[in-house]
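Beneath this line is the structure, given in structure tokens, with notes to follow.
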Amino acid sequence: MAHDLFQQVLSLLQTYPYLFIFIGMLVAGEVVLLPAIYLAATGRLDLAAVISLAILATVLSDLFWYGLGRKFPASALDRIPGHHSNNAVRGLERLFNRKGVQILFLSKFVYGTRTAAQVLAGVHDMRFQTYLIVNFLAVLTLFAVFVSLAYSVVGTTRQLGDLIEDIEIAFLIFIVIAVSANYIASRVLRNRWSR
């Protein structure tokens, strides 16, 4: 039964990969993005479609968290269980009070801070236009880094494959030369020893 369900999901994934990327980005973010970019870099998916869907899903997800933050006043943060005992959240909030725009941008690059930064942007009433521009630029920058890394890895892997192929050819030539040299040397030595 589980195997059949897995096969059905796999079939749907193969039929509608871009739908899965969009939904996956809404729910899981970079966990879905990285393999999708790799598949695009290796030519299995269209890179423009992957990036477009990823940007759309990320911005929509971030807008949801920003809107949630706007809905609740800053005093609502005090009612979150464990808020005052969580040093990371308190530290991020203190930083956000001083450098909100920078924290919003950098939160894309620090695992585990993205959602908190989106909520804090809303809670601290960051202007929507400022929020949208900074967040969009951060998303574009992050995705550009990921795409660059993916193409770099794929290019390096291909070069490594070419290098291995060259090494195999060089090794084959070495074997042919070694066998030939051994044959010639043994003939020469046999002729000398047989005199």
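Glycine residues also receive a Cβ, built from the backbone N, Cα and C atoms like all the rest.
Lifted from TrEMBL, the feature list:
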TRANSMEM  18-41  transmembrane segment
DOMAIN    37-149  domain 'VTT'
TRANSMEM  47-68  transmembrane segment
TRANSMEM  132-154  transmembrane segment
TRANSMEM  169-189  transmembrane segment
Could you tell me what the rest of the chain brings near the transmembrane segment (18-41), counting residues at least six beyond its ends with Cβ under 8 Å?
12, 47, 49-51, 53-54, 56-58, 60-61, 114, 143, 146-147, 150-151, 153-154
With helix taken as DSSP H, G or I, strand as E or B and everything else coil, how many residues of the domain 'VTT' (37-149) land in each class?
91 helix, 0 strand, 22 coil
What average pLDDT does the predicted model assign to the domain 'VTT' (37-149)?
85
